[in-house]
Amino acid sequence: MEEADSRIEKEIRTALVSESSSQRDGNGVDQTMVYFSTFVAVCGSYAFGSCAGYSSPIQSAITKDINLSIAEYSLFGSILTFGAMIGAITSGRIADFIGRKGALRVASGFCVAGWLTIYFAQGPVPLDIGRLATGYGMGVFSYVVPVFIAEIAPKNLRGALTVANQLMITAGVSVSFIIGTLISWRALALAGIVPCVVLLLGLFFIPESPRWLAKTGNVKQFEAALQRLRGKDFDISEEAAEIQDYIETLEKLPKAKLLDLFQKRYIRSVIIGVGLMVFQQFGGINGICFYVSSILESAGFPSDIGTIIYACIQVVITGLGAFIIDRAGRKPLLLASASGLVLGCLITGMSFYLKTYEIGLKAAPALAVTGILVYIGSFSIGMGSVPWVVMSEIFDINIKGAGGSLATLVNWFGAWAVSYTFNFLISWSSYGTYILYAAINALAIVFVIMIVPETKGRTLEQIQSNLNSS
């Protein structure tokens, strides 16, 4: 059996190497449908951001209107993450069974139901049910959107279009922060429905992922979808043949289950996908987000203005990352980002050290602001978005559901773990917490250098074949 599998892997590599020299780079393709399809998909990313940014600006209003205790509001805020974990576990199977568009519909449906439940809520229980439902939709969106974009985009645009996922998440968070200070919490819940409605309507006008259609044996629909994405006058025969040959070869392998991810042929993809998610979350992003208002206040900034500045920096720098990712590559952005995260953590930690020991107190607020801005800018340029890009690229189509679900689940578990432990760590040592985060981000640099491949300018089939043969 092992010998047969080895021969199959050699067939994959040989086929791809022979085709790679003549593979088109996307020049001359009509990109209109690709851009429109990406816009429709990232409405799900914007909905994700709306869910994530909802609780911060409405805390005092909703606590007063519904008479929530601190414990009840804490449950309302944190249950979102548990819903996202459930969504992450099921997202791969849903996307494999009913398609990428079907999974986007499911996620949108849960978000709409959740927002309506929150809007009509008169007590803590319906609030929590609605928040859990929106969290489930977030979990599905977090996997399906980058995977769908990666599967429809030509290789020369794949990085930039996939980063649009993170850009729209930060935009959704930022808009929620801003308009949440201007409208009621019930109106903000209704505003969360808007991107879901746009997504549901847009899905009627865009094609399904050609790679998913090929995997399910819908050859005519596969070719029609690919033709729509590349333009009616573009010759898709070469790209279609490569996708078909690769999938037909993969179909000779046994059907992948969760435990199959840890087989030798897939283990490197799993290590890369899961490892990047671990470093993305355990580098402290949710801890920094949690404490940003009080840190900026200590520097003399009003908390609402400081939070908006923080959110706007995220949007601008994430947009810059989308512009350069297909020029600079994935690894350089990850390395620059992780290096900046180390620096930002050390600067912030130094400010807390000065406060703790009452040394140079006048310099501490400026250091805190500088450290936070360096941190969030560095996170936005690379570690915020690139792990999702790489995750969408590295898994074979036959294990993408299981592998992507595992990576997404680890990401959400990390988000919860860092949020939960942050206050305990701060009470232990405020400056020590940031030094710990700096050390984790330093390990991320080593991980990227030694483990993560560069995927810029290569087809998904070439990336996956190379990983499996390593």
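Using the three backbone atoms N, Cα and C, a Cβ is placed for every residue, glycine included.
Here TrEMBL flags 37-456 as domain 'Major facilitator superfamily (MFS) profile'.
Look at TrEMBL and you will find 33-55 (among others) tagged as transmembrane segment. A Cβ distance under 8 Å defines the sequence-distant neighbours of the transmembrane segment (33-55), meaning residues of its chain 6+ beyond its ends; these are 76-77, 80, 104, 107-108, 111, 114, 134-135, 137-138, 141-142, 144-145, 148-149, 152-154, 157, 161, 164-177, 180, 188-189, 191-192, 195-196, 198-199, 202-203, 205-207, 228-231, 311.
As annotated by TrEMBL, transmembrane segment applies to 75-95 (among others). Within its own chain, the transmembrane segment (75-95) has Cβ neighbours under 8 Å at 51-52, 55, 62, 68, 102-103, 106-107, 110, 124, 127-128, 131-144, 147, 212, 400-405, 408-409, 411-413, 415-416, 419-420, counting only residues six or more beyond its boundaries.
Residues or ranges marked as transmembrane segment in TrEMBL: 102-121 (among others).
Proximity of distant same-chain residues to the transmembrane segment (133-153), defined by a Cβ-Cβ separation under 8 Å and at least 6 residues beyond the stretch ends, is recorded for 34, 37-38, 41-42, 44-45, 47-48, 51-52, 54, 79-92, 94-95, 100-101, 103-104, 106-111, 113-115, 117-118, 161-162, 164-165, 192, 196, 207, 209-212, 229, 388-389, 391-393, 400, 404-405, 408, 411-412, 460. Residues or ranges marked as transmembrane segment in TrEMBL: 133-153 (among others).
Within the chain, the transmembrane segment (160-179) has long-range Cβ neighbours (under 8 A, six or more residues past its boundaries) at 34-35, 38, 41-43, 45-54, 56-57, 145-146, 149-150, 153, 188, 191-192, 195, 307-308, 311-312, 314-315, 318-319, 321-323, 325-326, 380, 384-386, 388-389, 392. Per TrEMBL, the feature transmembrane segment maps to 160-179 (among others).
Under the heading transmembrane segment, TrEMBL lists 185-206 (among others).
Annotated transmembrane segment per TrEMBL: 270-293 (among others), in sequence order.
Residues annotated as transmembrane segment in TrEMBL: 305-325 (among others).
As annotated by TrEMBL, transmembrane segment applies to 332-354 (among others).
Here the transmembrane segment (366-390) has long-range neighbours at 142, 146, 150, 158-159, 162-163, 165-167, 170, 272-273, 276-277, 279-280, 283, 285, 288, 292, 295-296, 298-299, 301, 310, 313-314, 317-318, 320-322, 325, 330, 333-341, 343-352, 354, 411, 434, 444, 452, 455, meaning same-chain residues at least 6 beyond its ends whose C-beta is under 8 angstroms from one of its own. According to TrEMBL, the feature transmembrane segment maps to 366-390 (among others).
Long-range contacts of the transmembrane segment (402-422) within its own chain (CB-CB distance under 8 A, at least 6 residues past either end) are made by residues 78, 81-82, 84-85, 88-93, 95, 139, 142-143, 147, 256-258, 260-261, 266, 269-270, 273-274, 276-278, 280-282, 284-287, 290-291, 387, 391-392, 394-395, 433. Positions annotated as transmembrane segment by TrEMBL: 402-422 (among others).
Summarising the annotation, TrEMBL assigns transmembrane segment to 434-452 (among others).
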Return the stretch with the most CB pairs under 8 A relative to the transmembrane segment (185-206), choosing among 102-121, 305-325, 434-452.
102-121
Counting only residues at least 6 beyond its ends, the same-chain positions whose CB falls under 8 A of a CB in the transmembrane segment (305-325) are 53, 56, 159-160, 163-164, 166-167, 170-171, 173-174, 177-178, 292-293, 296-297, 333, 372-373, 376-377, 380-382, 384-386, 389, 456
